[in-house]
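Following: one structure in structure tokens, then a few remarks.
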Amino acid sequence: MRNPRFLALTTLEKVENGAFIQDAFDPKGLKEADRNLAETIVYGTVQNKLFLDYVIHRFVKKPENLDQNIRQLLRMALYQMHFLDRVPDHAIVNETVKMAKVISNVGASGLVNGVLRQVIREKDEAFKVHIDDEVRRLAVTYSFPEEWVRYFQRLLKDETEAFLKSTFDPAPLTLRPVSVSAEALIGELEEDGFACESIKPRPAVVVKHPRGLFETEAYKEGRFYVQDAASQAVVSLFTTDKEVQAMDLCAAPGGKSFQMAEIFAHVDAFDASAERLVRMEENIRRLGYKNIATAVRDGKTPLPKKKYDRILVDAPCTGLGLIRRKPEIKYRVGYDDVLQLARVQRLLLENAYDALNDGGELVYSTCSVTVEENEGVLHSFLSDHPECRLKEKGTRYWPHRHGTDGFTMACIVRKDA
Ligand SMILES: C[S@@+](CC[C@H](N)C(=O)[O-])C[C@H]1O[C@@H](n2cnc3c(N)ncnc32)[C@H](O)[C@@H]1O
């Protein structure tokens, strides 16, 4: 049924079963306004899931018996009532009750009706969080599992709440200019009617209302690539050298390989995912790079004998720096995943290092902000390799400090023998 709220409901069901929102959300056939409404409801409901459940649990007698789809309907309705002002409350109730009748039975629609009407009657109080325990208060207010609230409290101390809050900020659409300056790209896009802003680290460019951006000549002719500003900073840890061979071990969809292709002679770009490499090759063609060779390769297994002077390991990670873009991550990732990924990352680093020439540089990065996946992996590596030194610890990017995705990066050098 092509109705924005039904689309939101089916998307939420898929996300609850493990899909990512961006893969599950399929708005084909919807008008733009409906598509925007459905998307807003999906993201908002996922972002605020634990908070919405806290409200539901105050109004439903046996919340543990709630059918999963009825719970999703209640979450969606409460999200719209509390966070959106597009639709009057009584219309939200009518719509939601109608949907409950379609997907369930009279009993369920009666329950939905009763709960939502009671919330409206008590609206001033219904959405307030009354919790004394600080961890639990933050967990409910910002819909973060308590495990992660405690983790970030240890890491960020009195910045914790600012960080949790920043994961609700809309993530900007950021571009990296390709073979033109930021000023030239901004000039061209502004002529096409796009409001742009140059941000740090340069040359990143934010486009305010990107609708239609991918129909521009600038896109078709390869004058930009979409890449968060923090991600753009990683490759600048390398020393530029137009003579050297480079390897990118976890390359797809390719943003950092493209930057490497501009400062090194050649880049061998490997990735375990053939599908992601297909997307990367499309971008290589659009952007016009002639010095990148891609190949499917599992970086945990021994690599070919070739040696390199520059290697990037932009490792698979928990993605805890990307919660603004993928809010579902915060419920899916547990501390065990951090430890398991840290083992994979350590293996990838070791394998990549075997291919590094003496005097060569290796940059290690993740879009995670945990210590275990970053400093932990590097310290373990450096203590096993006394011949290697830390050349530069890059900025650790945080959404609440820098307005970017969370990112961690460092450059190590293999000492000359
Ligand atoms: C963070 S993403 C890389 C992003 C990329 N560097 C960029 O800038 O566009 C991590 C990549 O690692 C790949 N990957 C995961 N396990 C791998 C493995 N064992 N060997 C090589 N690549 C792997 C994933 O397919 C994914 O494309």
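Quick reminder: no glycine exception, Cβ is built from N, Cα and C everywhere.
According to TrEMBL, the domain 'SAM-dependent MTase RsmB/NOP-type' annotation covers 161-417. The feature S-adenosyl-L-methionine binding site is assigned by TrEMBL to Cys250, Ala251, Ala252, Pro253, Gly254, Gly255, Lys256, Asp271, Asp298, Asp314. Residues or ranges marked as active site, nucleophile in TrEMBL: Cys367.
What TrEMBL annotates, mapped onto the structure for a quick look.
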residue : record                               : Cβ contacts under 8 Å, 6 or more apart
Cys250  : S-adenosyl-L-methionine binding site : Phe270, Asp271, Ala272, Gly299, Leu312, Val313, Asp314, Ala315, Pro316, Leu348
Ala252  : S-adenosyl-L-methionine binding site : Ala269, Asp271, Ser273, Arg276, Leu277, Arg279, Met280, Thr294
Gly254  : S-adenosyl-L-methionine binding site : Ala269, Arg279, Met280, Asn283, Ile284, Ile292
Lys256  : S-adenosyl-L-methionine binding site : Ser231, Val234, Val235, Asp248, Leu312, Asp314
Asp298  : S-adenosyl-L-methionine binding site : Ala272
Cys367  : active site, nucleophile             : Ala230, Ser231, Cys317, Gly319, Gly321, Leu322, Asp405, Gly406, Phe407
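The domain 'SAM-dependent MTase RsmB/NOP-type' (161-417) scores a mean pLDDT of 97 in the predicted structure.
In the three-state DSSP scheme, Lys256 (S-adenosyl-L-methionine binding site) falls into the helix class.
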